[in-house]
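Written below as structure tokens is the structure these notes are about.
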Amino acid sequence: MSSEEHKKKLLYGVHFLQFLDASGAEKKEELDTSTAILKKKKKPNSLIVTDAVNDDNSTISLSNNTMDTLGLFRGDTVTVRGKKRKETVLIVLADDDLDDGSARINRVVRHNLRVKHGDIITVHPCPDIKYAKRIAVLPIADTVEGLTGSLFDVYLAPYFRDGYRPVKQGDLFTVRGGMRQVEFKVVEVDPPEFGIVAPDTIIHSEGEPIQREDEENNLNEVGYDDIGGCRKQMAQIRELVELPLRHPQLFKSIGIKPPRGILMYGPPGTGKTLMARAVANETGAFFFLINGPEIMSKMAGESESNLRKAFEEAEKNSPAIIFIDEIDSIAPKREKTNGEVERRVVSQLLTLMDGMKARSNVVVMAATNRPNSIDPALRRFGRFDREVDIGIPDPTGRLEILSIHTKNMKLGEDVDLETIAAETHGYVGSDLASLCSEAAMQQIREKMDLIDLDEDTIDAEVLDSLGVTMENFRYALGVSNPSALREVAVVEVPNVRWEDIGGLEEVKRELIESVQYPVDHPEKFQKFGLSPSRGVLFYGPPGTGKTMLAKAVANECAANFISVKGPELLSMWFGESESNIRDIFDKARAAAPCVVFLDELDSIAKSRGGSVGDAGGASDRVVNQLLTEMDGMTSKKNVFVIGATNRPEQLDAALVRPGRLDTLVYVPLPDQASREGILKAQLRKTPVASDVDIEFIASKTHGFSGADLGFVTQRAVKLAIKESISAEIERQKQREAAGEDVKMEDEEEGEDPVPELTRAHFEEAMKTARRSVSDVEIRRYEAFAQSLKNSGGSSFFRFPSANEAADSGNTFGEAGNDDSLYD
């Protein structure tokens with residue numbers, strides 16, 4: 001994919017990985033009005049940045065056609081606007097080789113405008129710029145280290161002499177002279193902001209040099225470009241904040257009041273605070289930050305007074321944004337708080353937001369990750385008008401975020417950000433930032449042998465050789481998991497694959513159809529208008545591989561995997577068990593696509609009504625909660641439930657109906673071919689002698705489950721290890737007896753006494769082998785499986801052929817006519 005296509009994909013949010021929505025239909029890419037504010041309007045003075053041919057800090061080169069269109073002449077002064085409301089003043093030069101619609105500016109000017117190659121800048125004529133009476137400039141400290149003599153005589157005087165250069169307060173410029181390049185910053189211009197340095201302009205250059213760190217801190221202001229993965233939410237926030245602050249007349253002319261406040265909510269780490277800062281930087285508004293807990297005070301009336309001061313300050317400096325972080329700490333529900341202070345603070349906030357003048361150009365933004373614990377009076381129209389859900393990003397959003405975090409990183413050729421984005425389900429922005437830094441740290445660890453920590457400096461070659469590889473990202477993926485799921489005990493993308501599971505071909509095929517097809521072929525489900533299956537129940541004797549199958553499913557679909565052991569959900573506290581189930585499904589929805597594996601399902605989903613005297617019917621309530629969660633899931637995200645039990649007859653009937661756990665899969669004891677497959681899968685990393693007949697072992701282990709066969713192979717391996725260790729000890733003793741030196745570590749190894757598993761090991765292991773499932777139990781499972789088959793619909797159902805249709809016979813006979821029941 002070319003970089004241009006890649007940009008387009010990022011810009012328009014093309015889905016690299018397509019998942020289904022609740023109805024089973026793929027979400028169509030729609031060009032709707034909700035993101036209209038993000039679209040850049042094409043104007044003649046909007047130009048694309050390209051690299052400059054000359055290295056002058058005060059010029060911008062345009063093509064002749066562009067100059068004619070904008071009514072400019074060579075030598076005119078123009079103001080040029082870049083990103084984050086940065087602007088500077090430059091002199092126009094003509095360039096015949098330049099394309100129309102492009103502008104050449106050098107590295108220093110690009111830095112001042114916060115733009116890079118390919119970004120858009122706007123050019124405006126500025127004929128009324130005055131000559132500066134005086135300017136003050138200071139050098140950047142690291143560029144003047146070791147310099148002696150007058151900076152003014154060597155650098156500044158030749159640079160400004162007869163140049164009539166325009167300058168803007170806050171801009172940097174570089175000057176070459178005397179074998180060095182020195183960087184300066186314009187700290188003051190009189191008259192303020194812009195000015196042209198004429199021969200009679202006084203230039204001050206006395207003072208302490210500016211530290212590079214202080215300058216870098218100013219650069220780290222976040223803008224819209226630093227936010228990825230929430231295009232729609234960004235559009236909502238921009239139209240609610242930018243329009244009232246920059247164009248209040250829009251609302252006046254249409255006759256409505258501009259919005260007062262926005263409440264952003266979502267899981268931690270999705271970028272709520274970052275968004276507020278970006279909006280403030282890009283709009284140029286005064287930004288007043290209130291950290292929720294900071295304004296609370298033990299003195300009576302002080303907390304309310306702190307709030308009032310914040311609002312007064314913002315109104316004085318309008319246009320302004322007041323950002324209240326963690327608003328749930330200062331505005332909890334009044335009926336549920338015991339503290340009088342919190343109640344008064346909530347009331348004060350309500351009156352302040354009501355008392356804000358309609359067009360005072362102040363917008364209140366608030367962020368929380370617990371929107372339901374905020375006082376409801378705050379969430380009505382006229383206070384926090386709009387609530388914006390900043391959720392977990394989809395694969396396209398994750399790719400945007402990864403591109404932002406890796407733009408300053410040195411990446412290896414093999415790094416594929418699209419693959420990483422596809423594999424990081426459930427990761428939010430902060431998780432992806434942590435992933436990138438972990439990958440970089442791993443690269444540094446690999447080069448640690450080249451770095452001498454006692455030295456003050458590190459070789460330039462070592463620094464040059466650092467580059468983050470895909471292998472580093474793979475390592476980072478292995479050690480990190482999404483923050484939304486950290487509270488759930490077992491969340492992993494398991495490392496079990498289909499080939500690790502021997503046999504069970506029929507079961508595997510059914511699972512691939514139920515689980516993998518909806519993820520891999522969403523367009524097929526969309527074509528037939530079908531919503532995919534949401535759950536599978538494995539039942540069968542213990543040790544047949546039910547848990548392993550669930551892990552393989554999650555891995556093959558590249559989904560997150562939450563493993564829940566039935567009994568650990570139950571709690572002695574009233575309502576706690578149901579709450580645990582609710583939390584697990586909430587987490588799964590947040591990290592979708594996700595497989596929730598409920599092991600030992602019979603412990604929490606027994607048939608209702610039979611539990612007499614059981615803690616107020618706790619298990620019945622747990623079943624009810626489970627049923628409602630599984631019904632609610634279909635309307636939510638890609639969450640798939642797999643249940644496993646070896647007592648299927650005890651499960652509640654409502655749980656195994658179509659729409660919940662609708663696919664019932666009997667995982668039987670393996671037949672001979674499956675046993676052979678299991679043994680081969682278990683021994684695939686083990687050296688086995690060529691005369692060991694796996695097929696013969698499989699034929700002699702009738703009635704053994706996968707776990708029983710695992711015991712046989714494990715026992716055989718243990719015997720081989722024991723024999724190997726005994727032989728080594730024996731050899732050592734013989735050496736010592738012969739008076740030989742004890743073998744050194746780097747000496748050649750003798751012949752391995754036990755190089756592989758032999759027949760003898762298996763023969764010995766089979767002596768202790770036993771079946772874990774009795775014939776009686778097997779008959780019980782098979783009877784249950786048979787009863788499910790028999791309770792199915794008519795297996796002889798078929799549509800009548802054309803000539804039969806003429807007879808209009810009833811396919812089901814008289815029994816099919818149920819109308820008489822209701823007569």
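Placement of Cβ uses the backbone N, Cα and C atoms for every residue, glycine included.
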For Swiss-Prot, the entry region 'Disordered' belongs, out of 24-48, 324-348, 799-823, to 799-823
Cβ contacts within 10 Å for His405 (ATP binding site), all chains included, total 19
For a quick check of understanding: given the listed ATP-binding residues Pro268, Gly269, Thr270, Gly271, Lys272, Thr273, Leu274, Asn369, His405, what is the maximum Cα-Cα distance in angstrom, as an integer?
24
Three states by DSSP: which one describes Lys272 (ATP binding site)?
helix
Looking at the binding-site residues Pro268, Thr270, Lys272, Leu274, the one with the fewest other Cβ atoms inside 10 Å is Pro268
